[in-house]
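First the structure, in the form of structure tokens, and then the observations on it.
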Amino acid sequence: AMPYENLDHPGASGGSSNTGEPSMKMFTIWVLIAQAVGLLAVILTAVWMSVYHGGFSWVPERVFNFHPLFMVIGLVFLYADGILVYRVFRSVKKFRVKVIHASLHILALIFAIVGLKAVFDSHNLSKPPKPNMWSLHSWLGLTCVLLFCLQWVGGLIHFLLPQTPQSYRKMYLPIHQHWGVILFCMTTVTAITGITEKNAFHDDASKLPAWEKLSNTLGFVLGIFCILVVYIVRRAEYQRVEPPAEPDEEMNLQQPTDEEKTG
């Protein structure tokens, strides 16, 4: 049976990658484009909140503005980069890539938690207080954060704890991969619904003022970013193929013990 560490996805095989030089050049181009689009989304969000909604301060009138910015940084941009590290760092030992992947996603979760606190504070500290959790966007958003937590904990248990049997890792790997991409798409859609909800509160939205043109553009940019990331992740020739495992500390951490092999 193929060792878990030689799997990037079901059906992968060890040895050198079959990805040709032209394909790798295109891969680099696509990754650079995706990064530029993702950074553009973050910049547009910051401009939207700072120029048209009063800037950033943890006071009831402006604390909400942290919410869209931190959610786009965390559950869109950093989430995507955490997914892409397995494609970008192709020659780095897989355990180290796992640590980068997990670190980016815990950072994404921190941004998301602070972003959630911002929106709840903006409602609860208002006079009079505003209701929470009444819209589709809020339901989707909280669901995304909870599922993201479960996804992160599942990855930690199955891929970073040395006690986890190899058979469990191989079983959980496709689940983690597929649901990770699905959840990323879900967070992007949720962000777009948040833009629509924010715009709907303004009476002059139908006149398409400058702030709405910017926020609508942000929605398009988020959608394009999601498409680019999914395209890069799902292209078979861009998938990481592990070299033969090396007898080093990574193996000591990740390979199953004799008890696990026989158990």
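Glycine residues also receive a Cβ, built from the backbone N, Cα and C atoms like all the rest.
Feature list (source: TrEMBL):
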type     : residues : note
TRANSMEM : 27-49    : transmembrane segment
DOMAIN   : 33-234   : domain 'Cytochrome b561'
TRANSMEM : 69-89    : transmembrane segment
TRANSMEM : 101-120  : transmembrane segment
TRANSMEM : 140-161  : transmembrane segment
TRANSMEM : 173-195  : transmembrane segment
TRANSMEM : 215-233  : transmembrane segment
REGION   : 243-263  : region 'Disordered'
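Ranking 69-89, 101-120, 140-161, 173-195 by CB pairs under 8 A with the transmembrane segment (27-49) puts 69-89 at the top. Counting same-chain residues at least six beyond the ends of the transmembrane segment (101-120), those with a Cβ under 8 angstroms from any Cβ of the stretch are 58, 63-71, 73-75, 78-79, 81-83, 85-86, 132, 141-142, 145, 148-149, 152, 155-156, 160. Looking just at the domain 'Cytochrome b561' (33-234), the mean pLDDT is 95. Within its own chain, the transmembrane segment (140-161) has Cβ neighbours under 8 Å at 71, 75, 79, 98-99, 101-102, 105-106, 108-109, 112-113, 116, 133, 168-169, 172-173, 175-176, 179-180, 183, 186-187, 189-190, 193-194, counting only residues six or more beyond its boundaries.
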